[in-house]
Amino acid sequence: MALTQAEKAAVTTIWAKVATQIESIGLESLERLFASYPQTKTYFPHFDVSQGSVQLRGHGSKVLNAIGEAVKNIDDIRGALAKLSELHAYILRVDPVNFKLLSHCILCSVAARYPSDFTPEVHAAWDKFLSSISSVLTEKYR
């Protein structure tokens, strides 16, 4: 699912803003995930999943930093996230649908934070970008 030049520009422009708030947006995205889809908490039995917890903050930062790697390597997302793909498929065994759920929560968090910048075109570009990441993270399942 190749991104056009315009879509890449839309992703990187918003990412420049998101990158300054990785911890808070990552935390908010995970909190949205757990509030909207409580079944996803089963993958984090060792975490304190209460609102604002240090563990959620840390994992949210990891998730957004991985997205940052994908942005930096937007023409080779597969290569940038190869190790994460193996980790989630072979060790963590995360149900692939959860990547789509988290992507939706990230979209909501970013849109809520930057409403004037999150135009329909930007939304579509980010949706396609996050779908590409989800595809990479689930390709080892096959």
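Each residue, glycine too, has its Cβ placed from N, Cα and C.
Taken as a whole, the domain 'Globin' (2-142) shows an average pLDDT of 92 in this prediction. Residues annotated as domain 'Globin' in Swiss-Prot, with sequence analysis given as evidence: 2-142.
Sequence-distant neighbours of HIS59 (heme b binding site) (same chain, 6+ apart, CB under 8 A from its CB) are GLY26, LEU30, PHE44, PHE47. What Swiss-Prot records for HIS59, HIS88 is heme b binding site.
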